[in-house]
Amino acid sequence: MIPVTELRYFADTQPAYRILKPWWDVFTDYISIVMLMIAVFGGTLQVTQDKMICLPCKWVTKDSCNDSFRGWAAPGPEPTYPNSTILPTPDTGPTGIKYDLDRHQYNYVDAVCYENRLHWFAKYFPYLVLLHTLIFLACSNFWFKFPRTSSKLEHFVSILLKCFDSPWTTRALSETVVEESDPKPAFSKMNGSMDKKSSTVSEDVEATVPMLQRTKSRIEQGIVDRSETGVLDKKEGEQAKALFEKVKKFRTHVEEGDIVYRLYMRQTIIKVIKFILIICYTVYYVHNIKFDVDCTVDIESLTGYRTYRCAHPLATLFKILASFYISLVIFYGLICMYTLWWMLRRSLKKYSFESIREESSYSDIPDVKNDFAFMLHLIDQYDPLYSKRFAVFLSEVSENKLRQLNLNNEWTLDKLRQRLTKNAQDKLELHLFMLSGIPDTVFDLVELEVLKLELIPDVTIPPSIAQLTGLKELWLYHTAAKIEAPALAFLRENLRALHIKFTDIKEIPLWIYSLKTLEELHLTGNLSAENNRYIVIDGLRELKRLKVLRLKSNLSKLPQVVTDVGVHLQKLSINNEGTKLIVLNSLKKMANLTELELIRCDLERIPHSIFSLHNLQEIDLKDNNLKTIEEIISFQHLHRLTCLKLWYNHIAYIPIQIGNLTNLERLYLNRNKIEKIPTQLFYCRKLRYLDLSHNNLTFLPADIGLLQNLQNLAITANRIETLPPELFQCRKLRALHLGNNVLQSLPSRVGELTNLTQIELRGNRLECLPVELGECPLLKRSGLVVEEDLFNTLPPEVKERLWRADKEQA
């Protein structure tokens, strides 16, 4: 006989799956165990006990056995004796019924009558119970075995248990308690449109966060050790981070379908149908389980009798078991019907964390759907605490807190100080690249002046940025930064320069337009779409103190808002990435402009609107499509113009009107196709910087000597063969770039350039260097750019002096 304890194997599932079993599944499993016991008990009795006990019947009335042999004396027809050839003779004394059958004949009669005359329900009752119970068990546990559902269930249970036991769950919730116990008001994060949402502080921590009711500790007494609740070690942090990733991937995968829900529904429907079927036929056939059974079989030739009276020894017990079984099936069926009603009444393919959002500080926990929602509903039937603790790993706020903790552990103050550098403006700069957020230790660098954030998604600027009293410049490269209200208040008063680079319009935080004291704004990104231009550019009207505006994009025309802002702009720079920029007449309104840059705007002529900007001091038309600059004559009206950059164009000649720009100090004409320099150029007596490199020049006019203020001359990459002696009358020359020409010799008068600190000679046809180079007192070896073998043609004392000058500087 099978031990009762072994029957649990048929009903038990994996222990981990127990949390997916609601109370009704637990009840039905135990009912199934009892049904199995009934089946095994009944089957065991049938195997071990006599199935049927039969005796021949000597007194037969109408093919039925008379219950008493005295019936033959009763009035009426005389009984027949079909089962015997021996006629009874009256006996005056007591007598018994004797049969002349041996044991084998009795066994044979028992077997034949059991097989042919006992009702099938009484015969197979234990096996029917076993069959139906196994079907019930299969229906109840099929979803745990079916590959398409078992994989999801196994993965879900594994993640759920890890989330429940994770140290981050307890510590994150403990931080919630601390935050809600803090009397200081909480500031809500501002979104792109700077909507402010007030946040309230709860007084009853335990009531606000019921998730912690089972884990009461020192927090319950108002004592919180921040080192325990706020810091995770590296291993715990990595484990929690991995859990967040697993939950995200699992949610994406499971929410795609509802196969678990549909399979569970079908299992329940099958069990209800099975219940109805069992009740119908069992109640109908249970009365066929009888103790007395008349058996009429045609075996008279073997035993001498045809009619027998048989007893079914197990009938009474089977009837009791059948009644008990029917009651169990009814109870089982009612539970199944309740399950079906529960599934049909409730929307189980949607799960809302509304109550948890209200109870905790994690108001961003999303609702879930399909199989994910259904499994959470089942978990709630087991213990709602599981879903409440699991919700922590669905919250982006919680993930950001964990990310911040891990970030703080990785980026210590010493490590950040090692990353500090000095930029070109001699400002102390920190560049953070591809991090998950801003380490809190950054705000301990009180000496920081420039903060660069690049490729940092979903970063939030906290109020602690107010500690950076020296911060004046902020870079946001592909970083959609949010900001808290106190931080915005600080930046509004202190930030002077802002650089933003984006590929998607969503990467531009709209709170930047509330920076009332902002003086310099750099925007780099695609503004080709009309709506993008409106959203991004239109907010510039709010920046009343803006002085410098740089746009690197692909505009087809100058937006009106730029013109409106231009009333107080001092510098406007547009790098149009090669897209043709038209309709520049609105530039006339920017009367206060001192610097104008129109770079890569595909300009073919110098825009006439520029000539109305009388305050211009610097014009940069780099990398356009300029072929002629006849309009340069109009520059004479720009009396303050000191710098003109016409580099990287296709200019073939310089108009003689260039001489009218008498205030010009810097002129960039490099990377063009100029073949000749007009004498009028040298009327610009104030020129200090002249760049004519990478052109087609073959000589320098002797009038170059008129530029007595010239400090830097670049004629690199031309075809110049000789240098005019007048060049060396420019005694203020500090840098002379002569590389990649066809110079045969360097005049000895080079020694007259007493201010020379750098001379480039590489790439010429020089055979030797003049000794007079040693007469340039400020020239060092590092400032002499020449081939090594050519340098070795100098006398040893000259070389020694140049080397010594380098060492003294070092």
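Keep in mind that glycine also has a Cβ here, set from the backbone N, Cα and C atoms.
As annotated by Swiss-Prot, N-acetylmethionine applies to M1, with the evidence given as experimental evidence. Taken from Swiss-Prot, the feature transmembrane segment covers 24-47, 124-142, 265-286, 317-341, and the record attributes it to a large-scale study or a structure entry. Annotated disulfide bond per Swiss-Prot: C54-C310, C57-C65, C113-C295, in sequence order. Per Swiss-Prot, site 'Required for anion selectivity' is recorded for R103. Under the heading repeat 'LRR 4', Swiss-Prot lists 469-492, citing sequence analysis as support. Here Swiss-Prot flags 518-542 as repeat 'LRR 6'. Swiss-Prot lists 567-589 with the feature repeat 'LRR 8'. Marked as repeat 'LRR 11' by Swiss-Prot on the basis of sequence analysis: 639-661. Sequence annotations record features per position, and here Swiss-Prot assigns repeat 'LRR 16' to 754-776 based on sequence analysis.
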Q) Across all protein chains in the structure, which of the disulfide-bonded residues C54, C65 has the highest Cβ count within 10 Å? A) C54
Q. Between C295 (disulfide bond) and C310 (disulfide bond), what is the CA-CA distance rounded to a whole number of Å?
A. 7
**Q.** Cα within 10 Å of C113 (disulfide bond) - qualifying disulfide-bonded residues among C57, C65, C310
**A.** C310
Q. How long is the line from the C-alpha of C57 (disulfide bond) to the C-alpha of C310 (disulfide bond), rounded to the nearest angstrom?
A. 10
Q. Restricting the comparison to the disulfide-bonded residues C54, C65, C310, which residue's C-alpha is spatially nearest the C-alpha of R103 (site 'Required for anion selectivity')?
A. C54
**Q.** Integer Å distance between the CA atoms belonging to C65 (disulfide bond) and C54 (disulfide bond)
**A.** 12
Q: Can you grab the distance from C65 (disulfide bond) over to C310 (disulfide bond)? Cα atoms, rounded to a whole Å.
A: 10
(Q) Applying a 10 Å Cβ distance cut-off over all chains shown, what neighbour count does C113 (disulfide bond) have? (A) 24
Q. In the structure shown, which of the recorded positions C57, R103, C295, C310 has the fewest Cβ neighbours within 10 Å?
A. R103
Q: Report, as numbers and ranges, every residue of the chain located at least six residues beyond the transmembrane segment (124-142) whose Cβ falls under 8 Å of a Cβ in that stretch; write 'none' if there are none.
A: 10-11, 13, 25, 28-29, 32, 35-36, 38-43, 45-46, 263, 267, 270-271, 274, 278, 289, 318, 321-322, 325, 329, 332
Q) Looking only at residues six or more beyond either end of the transmembrane segment (317-341), which have a C-beta under 8 A from one in the stretch? A) 22, 24, 27-28, 31-32, 34-35, 38, 41-42, 45, 122, 125, 129, 132, 136, 265, 268-269, 271-272, 275-276, 278-279, 282-283, 286, 289
(Q) Per DSSP, what is the helix/strand/coil residue tally across the repeat 'LRR 4' (469-492)? (A) 8 helix, 8 strand, 8 coil
(Q) Across the repeat 'LRR 6' (518-542), what does the mean pLDDT come to, as a whole number? (A) 76
Q.
Taking DSSP as the reference, which of helix, strand or coil describes R103 (site 'Required for anion selectivity')?
A. helix
